[in-house]
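According to Swiss-Prot, the protein has these features:
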| type | residues | note |
| --- | --- | --- |
| BINDING | 64, 173-174, 199, 228-238, 302-310 | NADP(+) binding site |
| ACT_SITE | 69 | active site, proton donor |
| SITE | 96 | site 'Lowers pKa of active site Tyr' |
| BINDING | 143 | substrate binding site |
């Protein structure tokens, strides 16, 4: 690869179930706006456009937003930017429905402007199309599972949007694995479009997604777009933690408080980063990209230099030893039945998951086997 080539210009297929091609990083647009600034920090329209311009110039084409981000500012600004740059068809645009996107209009009865049902879905999509100044959405997510809509209603209503041309692909976020598997099986059984990508919280300090969501994605042929991969500002060097303590994280996110757990994982990331001569956050980003195939981290920033600081992570290769060092920063418990299958629940030592035939202890008692390995993540190109 030429050293002058844009950092994000080696594209990848989104998932085995979706042929669309996207940049290796997805730009998160929840940071774009001034509404809810006390919780999420502020990013002006001028700065948002500068970030978008840089991302696009580096080859980035995958952008994520939602109907309710920043009281609609995120979608509106994205629409204005694409219209002014005349590049809508270059962009793979993802948005979401389920949030109460008109909550700032206090005079309205809100009950059907949010939720996962058909009316909320159609109203939200039409509003998003208007704000985004486009006739179609590349990827529509169900933002979260609210236990109200039936699987048949959901999948038929979503498929109607695909058939209408308003939506090209379907995704789901922040939902249990059993819901996604059940919905996809229903879709396949009835000739409907299935979910092709999952979005959820995942980073080196928060690995819950690995229990059931990640194995489900691999089995369902789904891609994975993790958010929070940089721990929402809580991965830092010791100097960075001192700065945060002094400023009380002024201007940044203040959703989840900093913990000693964040500090301990950060220390290990810093050790790996120092040994490789790269910034800590690049290692944190490279970690999730090399854990599984079809992983496209969502990175949200409020300044251009925040983005330039992490983009080189797409070319960082971590050794198995470095990945193990990061994961040994704390004890992750996959829980039952995974520890039963691996046999670790019966033994002294750390808990381990059983996600492939080579680690199922009952099987290993029967003989010596050679197994076909599963799909591997793309190795970074230097």
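Every residue gets a Cβ built from N, Cα and C, even glycine.
If you measure from the Cα atom of residue 69 (active site, proton donor) to that of residue 305 (NADP(+) binding site), you get 22 Å. It is 9 Å from the Cα atom of residue 199 (NADP(+) binding site) to that of the residue listed as 'substrate binding site'. When the Cα atoms are compared, residue 64 (NADP(+) binding site) and residue 96 (site 'Lowers pKa of active site Tyr') turn out to be 9 Å apart.
Compared over the binding-site residues 64, 305, the count of CB atoms lying within 10 A of a residue's CB peaks at 64. When the recorded positions 96, 230, 233, 236, 308 are screened for a Cα within 10 A of the Cα of residue 143 (substrate binding site), the ones that qualify are 96.
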